[in-house]
Amino acid sequence: DPKQPLVDYYAGVGAIGLPLSANRKQTILVESNKEAATYAAENIVANALPHCVAHCIPAEQMRGIISKEHAIIVDPPRAGLHEDVVKTLLQVGPPKVIYLSCNLSTQARDMRMLSQRYKPIFIKIYNFFPRTPHIEGLVVLEKIV
């Protein structure tokens with residue numbers, strides 16, 4: 001639902017969460033890298049998105065902001081999702097989690113844990129970096145009802 005509030009964990013400069021924020025009442029970007037979070041905040045101002053906010057804090061320290069109403073985007077570093085983020089997703093149970101990963105091994109590990117409460121409804125591999133060994137995995141997870 002494009003009107004659902006959105007939380008984008010590991011948001012970087014907001015390249016994923018901000019374009020998806022157009023009709024939402026709220027979009028929260030969570031990024032631990034200070035420089036990236038600063039650019040995310042600048043992107044919010046430059047694009048006149050008053051319903052968006054960027055926080056410079058590790059994802060595992062911003063777990064209390066999500067509810068069952070939020071859509072969630074995660075694009076973690078190669079190490080994958082922090083254990084506390086996985087636990088929070090399982091406890092709170094937001095309806096949809098969009099998981100983009102640059103490391104299919106850690107994505108598979110995290111998916112195994114999330115499969116207690118979520119099922120994949122879309123899976124695709126992307127080659128964003130041709131002629132390199134790097135690929136990205138995109139999985140859309142839906143809460144099992």
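Backbone N, Cα and C atoms are what each Cβ position is placed from, and that goes for glycine too.
If you check TrEMBL, you get these features:
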- TYR10, GLU31, ASP75: S-adenosyl-L-methionine binding site (BINDING)
- CYS102: active site (ACT_SITE)
- CYS102: active site, nucleophile (ACT_SITE)
### Query
If you take the centroid of the Cβ atoms of TYR10, GLU31, ASP75, the listed S-adenosyl-L-methionine site, which other residues of that chain have their Cβ within 8 Å of it?
ASP8, TYR9, ALA11, GLY12, LEU29, VAL30, ALA36, ALA59, VAL74, PRO76, PRO77
### Query
Between CYS102 (active site) and ASP75 (S-adenosyl-L-methionine binding site), what is the CA-CA distance rounded to a whole number of Å?
8
### Message
Need the DSSP three-state call for GLU31 (S-adenosyl-L-methionine binding site) to compare against my parser.
### Response
strand
### Query
If you count the other Cβ atoms within 10 Å of each Cβ, which of the binding-site residues GLU31, ASP75 comes out on top?
GLU31
